[in-house]
């Protein structure tokens with residue numbers, strides 16, 4: 001039999017109501033809105049010679065890419081585990097967040113580069129069309145953020161997409177402010193200045209997402225908890241456990257912690273002790289998978 005024969009999709013929607021299906025629908029709606037607005041901003045940016053609009057449209061394209069990655073990751077993560085992928089592809093969503101973070105950082109650096117060139121070689125800007133297209137972009141991003149609201153709290157993959165949307169929404173607000181300043185003062189340098197400010201914000205968000213997703217891919221313990229803390233809790237809560245060694249704690253995904261250890265049990269320890277320890281760790285630290293190798297005196 002082919003070694004891949006037992007790896008099939010659709011094996012497990014995590015959480016009540018199959019939230020992955022809901023997330024797919026949300027992402028598809030956001031993708032449709034983003035494509036429409038991106039086309040409008042490309043045309044508007046070329047028409048009015050605004051770097052801020054062009055950079056905003058370019059960032060919209062990264063939204064399309066980010067949404068596409070997120071959609072693929074959700075489909076991949078829904079594949080069932082099999083004998084050669086025992087966790088399935090649940091980390092596809094973390095990998096997607098990592099890739100989206102890299103593109104956030106690259107987009108921000110590209111905008112800074114273009115802003116420096118525009119500052120050195122300013123061009124006249126038509127403010128009223130710039131204002132109209134920026135307001136359209138702001139509306140689209142607000143709609144997308146509302147569509148995705150809530151999903152980003154439990155899914156780093158969706159969080160990466162929302163960061164894209166938030167960055168572009170703030171970019172749109174800045175463009176509106178810049179259009180007003182240019183219209184009344186003629187100070188065209190505000191356009192690249194705002195672009196740099198937006199890019200610095202994107203850099204901060206992108207770095208945070210890169211750091212958080214990278215820690216999970218490197219199998220680090222999440223912030224605020226480590227294997228020693230878990231071991232101390234077991235020893236405190238279960239006097240029958242005399243010693244713990246080889247303890248390992250890591251995050252498979254944002255909301256799936258795994259703990260393994262060797263435990264030395266006292267004579268007369270209850271047969272269900274290991275099961276009770278696993279239940280306690282789930283309630284105390286949200287550790288969803290616990291594997292304990294038993295040792296007795």
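Just so you know, glycine gets a Cβ as well, placed from its N, Cα and C.
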Which range is transmembrane segment per TrEMBL? Of 2-20, 192-210, it is 192-210
Give the range, chosen from 125-149, 225-249, that TrEMBL lists as transmembrane segment. 125-149
From 27-48, 269-290, the residue range that TrEMBL assigns the feature transmembrane segment: 27-48
If you count Cβ pairs under 8 Å, which stretch among 27-48, 60-77, 125-149, 161-186, 192-210 touches the transmembrane segment (89-113) the most? 192-210
Chain residues in Cβ proximity to the transmembrane segment (192-210) (below 8 Å; excluding those fewer than six residues from its ends, i.e. six or more beyond): 51-52, 55, 59, 97-98, 100-102, 104-105, 107-109, 111-112, 114-116, 118-119, 122, 156, 159-160, 163, 166-167, 170-171, 174-175, 177-178
What is the pLDDT of the domain 'Cation efflux protein cytoplasmic' (231-293) when averaged and given as a whole number? 91
